[in-house]
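J.: As annotated by Swiss-Prot, substrate binding site applies to T63, D138, E199, K229, D233. Sequence annotations record features per position, and here Swiss-Prot assigns NAD(+) binding site to 200-202, N234, 263-268, E286, N321, 342-344, N389 based on sequence analysis.
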Amino acid sequence: MGTATEKLSDATFKVADLSLAEWGRKEISVSEFEMPGLMAIRRKYAKEKPLAGVRITGSLHMTIQTAVLIETLVDLGASVRWASCNIFSTQDHAAAAIAKAGVPVFAWKGESLEEYWWCTLQAVTHPGGKGPQLVVDDGGDVTLLIHKGYELENGSDWVNTPSGSHEEKVIKDLLKQVHAEDPQRWHKMVAEWRGVSEETTTGVHRLYKMQEQGKLLVPAINVNDSVTKSKFDNLYGCRESLADGIKRATDVMVAGKVAVICGYGDVGKGSAHSLRGMGARVIVTEIDPINALQAAMEGFEVTTIEDTLGRGDIYVTCTGNCEIITLEHMRLMKDQAIVCNIGHFDNEIQMDRLNESDAKRLQIKPQVDMYTFPGGSSIFILAEGRLVNLGCATGHPSFVMSNSFANQTLAQLDLWKNKDTYKVGVYTLPKKLDEEVARLHLEKIGVKLTTLTPAQAEYLGVPVEGPYKPDHYRY
C-alpha cells in the first residue's frame, strides 16, 4: 500500500490510506466509551482550554487509543503534530481518522527506519519552522533527536563516530542533513521547549541517564512510574496483549508449551501470567535477586537462558536491556521456537547479527519471519524483534490505556501550568493525581469505595479524601 501525503486546510500529513478514516472514526467512538479517565479529563478542561495554542509534538504508537489522547489534547486547545514511536505499531485507520480531523500525523504501519525518522522530524517541525513547546514521548526518540541535534550544534562529533546499528546511522545522517540546512535549528527549538512527559520504562532510563550526565535540557515528567501506569499498563495490559500478539501471528497452541520470559519487572510479570493463563509452562530469567525471588514464589522456574535452550518453545524478552537473546542462543534453540520481544526497542534480540548471519530468512507473512540455520533448524521471529503486541496485534485494551493517557494529559497540563517554576530534572506526578486517575476508572467497572471516618483518618494520619499512601509505598 502506498502512502498518502496530502493537505487538509493547512495540516500536512502522511498516512497509508486516507479512505480508512471512516473506519477509524467508528473505532475511536467505541474506544472513547472504554476510556473513562481520559474522557473525564477532556470534559473537565475542554471549556477552559488550558493548553490553548501550545505546540505539542507526540511520538507514541499511533493507535485507536492514542487517537483519543490526541483529540483530548486538541480539545484542551493544543496545536498537535504526531508520529508513531515504532515502525510497526501504527493502526492505519487510526492515523487516517486523525489526519481527516485536521491533525498533522506522519505514521503508517511498516515504515522503514529512514521513513520513521523522517516522520519524527516532521512531527517536531511546527508551522513556521518552530519546534514543540511540549513533547509527549514514548521511548524517548523525540527527546533523543532534539538533544543530539543540540549537542551537534555545540560541537559534538557524535555524528561522525562509528555507528553501532543501522538505525544509529540513519539518525546521524538525518542530523547531518538538518545541520547543513540550518546550523542553529535545534538551539532555536530548545529556546521555546518547556518540557517532556515520558511514557515508558526505556525512555525513562534515557531521561535519568541524561540527567546524571548533566545533558538534560528541560523538565521531564516520568509518567511510567505513576502507579496507575506501571502497575496497570505494564502489568495488566501485557497480561492480555502478549498472548494476543503471539496468537494472531502464529496461531500456535500455547497450552503445554515451554515459554521463557526474560525479565520479571512489571512487564515481565504481566507476560509470565499471560502465557501461564493459556496453559504454558513458564520459565523466568532474571538478574535481580528480588525479582527472581518474586518469580519463584509465584511458582515459576527461574534459571538462565542458557539452561532453557533446546526445551523452550516460546521466548519473550521484556528487560529494557540489550542483547538478551544472542545469535548464539538462537542457533541452539529448539527447532521452530518462537522468539519475540515486548520491550520498547528491538535490541533485546540480536537482530542485526541474525540478519547478517548465515541464516536464511523467509517471510511467512508480514511481521512473521522464519530463519533457517545451516544445520536445518529454524526459529520464528515476530515483528522483527520489535514490540510483538503492537506489531502483530493491536496492543493494550482501551481501558488500561485510559489510565496511562490520563497521566500523560495531566503531565502535559502540569508542565505548562508550572513552566516558569519547573527546573530541569526528572519528576513524577504527585500521589494525589495518581489516586485521582484510579478514581476516574472505578465507576466504569462497578467499584464502590469505602470512605474513611474522621476518626479512622486521624488514626492513620491521612486526609479523609487522600492521598492514602506515602510516596515510598509499594503497591
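Heads up, the Cβ atoms here are built off N, Cα and C, so glycines get one too.
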J.: Quick check: of the binding-site residues listed here (G265, V267, I342, H344), which one has the Cα closest to that of E199 (substrate binding site)?
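T.: Considering only the listed binding-site residues, the nearest one is H344.
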J.: Within 10 Å of T202 (NAD(+) binding site) by C-alpha distance: pick out those among the binding-site residues T63, D138, K229, D233, and say none if nothing qualifies.
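T.: Of everything listed, what lies within 10 Å of T202 (NAD(+) binding site) (Cα to Cα) is D138.
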J.: With DSSP assignments reduced to helix, strand and coil, which class does D233 (substrate binding site) get?
T.: helix
J.: Return the residues near K229 (substrate binding site), defined as same-chain residues 6+ apart in sequence whose C-beta is under 8 angstroms from its C-beta, sorted by sequence, else 'none'.
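T.: Residues satisfying the criterion: E199, V223, N403, S404, N407.
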J.: Spatially, and counting Cα to Cα, which of the binding-site residues is closest to D233 (substrate binding site)? Options: G265, V267, E286.
T.: V267
J.: With every protein chain in view, how many other Cβ atoms are within 10 Å of the Cβ of T63 (substrate binding site)?
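T.: Summing over all protein chains shown, T63 (substrate binding site) has 25 other Cβ atoms within 10 Å.
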J.: Below 8 Å Cβ to Cβ and six or more residues apart, same chain only. Which residues does that give for G263 (NAD(+) binding site)?
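T.: Once residues fewer than 6 apart are set aside, G263 (NAD(+) binding site) is near T285, E286, N291, T317, C318, T319, G320, N321, I324, G343.
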J.: Which of these binding-site residues has the least crowded Cβ, counting other Cβ atoms within 10 Å: D138, G265, V267, E286?
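T.: Among the binding-site residues D138, G265, V267, E286, the lowest count of other Cβ atoms within 10 Å belongs to G265.
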J.: Based on Cα distances to D138 (substrate binding site), point out the closest of the binding-site residues V267, I342, H344.
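T.: Among V267, I342, H344, H344.
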J.: In whole Å, how far does the CA atom of I342 (NAD(+) binding site) lie from that of T63 (substrate binding site)?
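T.: On Cα coordinates alone, these residues lie 17 Å apart.
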J.: Just to be sure I understand the packing, how many Cβ atoms besides its own are within 10 Å of the Cβ of I342 (NAD(+) binding site)?
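T.: I342 (NAD(+) binding site) is surrounded by 32 other Cβ atoms within 10 Å.
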J.: Please report how many Å separate the Cα atom of T200 (NAD(+) binding site) from that of T63 (substrate binding site), as a whole number.
T.: 16
J.: State the Cα to Cα distance, in Å, between H344 (NAD(+) binding site) and T63 (substrate binding site), rounded to an integer.
T.: 16
